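Student: The structure's right below; bear with me while I get my questions together.
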Amino acid sequence: MGDPAGTEPPAAHRIGVMVTAVRPAPVAPISSPPSPGRGRVAAIDAARALAVMGMIVVNVGPRSGDSISDVLYRLPLGRASLLFVLLAGVGISLLTRRARLPGGRLPWATLLWRAGLLMTGGLALQLLDHGVSVILPTYALLFVIAIPLVRAGSRVVGLLAVALTVLGPVAWIGLQRIQGVTWDVRSATAADSPSEVLHSVLLSSPYPVITWAGPFLLGMWLGRLDLADRALQHRMILFGAFATVIGRAVSLVLVAWRGDPAETIGFDRLVTSVAHSQMPLWLISGTGSGVLVLGLLLRTGTVVERRLRPLVAMGQLALTIYVAHLLVLDLLVRPEPHVLAEGIGISLALSASALIFATWWRRNFDRGPLERLLRPPWREANAPDGLGEIRTQRSAAPGRLSASR
């Protein structure tokens, strides 16, 4: 893909549900292999698309059944959303890379604008009858938390990620024990008071920031590394596979030794790795699977860019696709299917529709319908905003050159 002048269009960095781009750089003619940088961006977009697909499967259902098919269908449960948050952290570091340079400006206003939109939109979407816990408010608060950490050292960010992965769940249990209550796990809506919203997003939603900050900060740490480095990609694959297995294996051993945790909230819950238990072993296993997926896609980045363009396009429209699937669930799907075949059919139909729509949209427009809203209105269309952002480029159809807008 290139323009008439023989230079490639700006490589688009899609950050979580945010879209930015960097300045264009000279490249070889269109027939030459994609650069490692472009392959890296394509891999992140593709990983984001897989996360959205996984959440579609989980949200469509059904979640019952003990057959091998049922278990395989439920594999994304507790993993797709962690991958989504991990990628949000990666994206924040890519998005704010210039702020870490000498004299760089911290883009706090832009991050707050995006956090405000995601919080408002997420709370409003939670009012619909789709039966899904909307993750966007958690995203919003994580973006706010990221602001003071943008210029923190990589070691600090990495240590915080490890500490919160272990200590966040301990604090989550401890606070309930101190209060003598078991929190009602629910997602806040636009009808709740500010204090109820803050309590839900920080502590008592299915995605509480107190435990989900660990995977997010791990993503921020990864985003500061050279993701195009083959040695790093190999380490990500090995570490991700090890963490995926060891988290689950240790849990099985501990449960066999100590027994299943009680239904009441207590520190015996630390032995479990059940999805969305908010416990360390689940976070380690689920986040490890996310690192594994990202490492594999980074390792095959040029192949992803060449062969999996619809998947890349879907990742570039992550916010739009995520919101659209909630609307479809509310209007057409609920109540959820009770038969596995029906759930598979609906999930495939939604995912295929998303791939087709995203591919068409990216061939004709520079940003997704909702992704456009994430650019602050006080920024001119082509003015740099401190995030390394300028106007993105329309995607070209295979074998066709696209001109700069």
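Cβ atoms here come from the backbone N, Cα and C positions, even for glycine.
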Student: With the ranges 179-198, 279-298 to choose from, which does TrEMBL describe as transmembrane segment?
Tutor: 279-298
Student: Please check if the transmembrane segment (80-96) comes into contact with the transmembrane segment (207-225), where contact means 3 or more CB pairs closer than 8 Å and the residues in each pair are separated by 6 or more positions.
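Tutor: Since 3 or more Cβ pairs under 8 Å link them, the transmembrane segment (80-96) and the transmembrane segment (207-225) do come into contact.
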Student: Taking the domain 'DUF418' (244-375) alone, what is its mean pLDDT?
Tutor: 94
Student: With Cβ distances under 8 Å as the criterion, find the stretch in 108-128, 134-150, 339-361 that has the most pairs with the transmembrane segment (207-225).
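Tutor: By Cβ pairs under 8 Å, 134-150 leads among 108-128, 134-150, 339-361.
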Student: In the same chain, which residue numbers or ranges, 6 or more beyond the ends of the transmembrane segment (310-333), come under 8 angstroms Cβ to Cβ?
Tutor: 12, 14, 16-19, 42, 44-53, 55-56, 59-60, 121, 125, 128-132, 134, 136, 304, 346, 350, 354-359, 361-362, 368-371, 374, 395
